[in-house]
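Working notes for the structure below.
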Amino acid sequence: MTLRIKQDRPLGAEPIEESFSWYQVCCAIKSPHVLLAIGALFMVGSNLYGLAYFEPSIVKTVSFSYLHRDSRSPSPGKLTPLNPKFGYSARMTQLVSVPPFAVGFFAMLSSAYFSDRYEARGITAVTTSLIAFTGYLIFLLSDSNTCRYLSLFLSTAGIYSASPTLYAWLANNSAPQYRKATAIALGPVFANTGGILSTWLFPSSEQPHYQTATIVNLCFSAGIVLLCSVNYVWLRYCNKKKELPQEEEPKILPEKGPPSRTILDNQEWLRLGDRHKNFRYAY
C-alpha cells in the first residue's frame, strides 16, 4: 500500500506528512472528473439498490406458468397451468432471484480485473452500463415473461459491474491524500442517496411491469453512459494538455532556510495535487 501511494506522487516529490486542509476538500469538490463520477454513482446507486431490494418482487410478478398433469381434470393427460395469476410462491421467488445475482457476481469480478489490468476505467464503466441499459429496455418493451426474467441477468450484471469501476476511478484520479479521501467519501454518499430514491420507485400498484421504475432506471443507465463518456474525454484532454510545454508558475519559498529542489517540488505537489503536470489521470 505504501509503495502504491508513493507511485502516485509525481517525479521529484518526496514523501511528506500532510495535514488536513479545507483547501484540499474544496479542490476535490470542484474537480470536474469528481463531479462527473459522483453524478454517475448517484444513478448507479439508484439502479443497484432498486435491484437489490426489489428484484424478488419483480421476479414474483414474472409469472411463468408451471405445468403439471392434473389427474382430477376431465382430461387426465392434459397439461394445466399451476398458479398462473400470482406467479411464484415466496420460496420459489427467493430461489429464482439467485441466478441473476450469481451472474452479476462473476461479471463484477471479470470487469474489475479487466479495468485494473488494462487501466480502462472509462471503457469498462460505459460498456457495463450499456449492458444494464439493454436489460432495462428489454424488461420495459417485452411482454414475454421469459424475456423479462432473462433481462434481469443483463441489468444486474451491468449495474453491479459499473459500481466498483467508478469507485476505483475516483481513487485513481484524486491526489494528494486528503483530496483523495474527500473524493472517495463523496462516492458512497451520492450512491446511497440514489439508493434512497429507489425506495419510492417500486409501488405495488405498478405491478407487474413497474413502468415508472423501469423508465427511471433506463434513463439513469443512459445517464451513466453519458457522464462516463464525458469524463473519459475530459481526462484524456487533461493528460494531453499536461504534455504541452507550460510556463513555470511562481514557487512559494520556505520561511526559513535556503529553498531546495525537494521543498519546492513538495509545495507544488501539495498545491496542485492531481493537476500537477507529472500526474497522469487514469481513463
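Along the chain as shown, residues are numbered 1 onward.
Backbone N, Cα and C define each Cβ position, glycine as well.
Features reported for this protein in TrEMBL:
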- 34-54: transmembrane segment (TRANSMEM)
- 95-115: transmembrane segment (TRANSMEM)
- 122-142: transmembrane segment (TRANSMEM)
- 148-170: transmembrane segment (TRANSMEM)
- 182-202: transmembrane segment (TRANSMEM)
- 214-235: transmembrane segment (TRANSMEM)
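Taking Cβ pairs closer than 8 Å, the transmembrane segment (34-54) reaches residues 28, 100, 125, 132, 152, 155-156, 159-160, 162-163, 166-167, 169-170, 173-174, 183, 186-195, 197-199, 201-202, 210, 213, 216-217, 220-221, 223-224, 227-228, 230-231, 234 in its own chain, all 6 or more past its ends. Listed as Cβ neighbours of the transmembrane segment (214-235) (distance under 8 Å, sequence separation of 6 or more from its ends, same chain) are residues 32-33, 36-37, 39-40, 43-44, 46-47, 50, 122-123, 125-126, 129-130, 132-133, 136-137, 139-140, 155, 158-159, 162, 166, 169, 173, 194, 201, 281-283.
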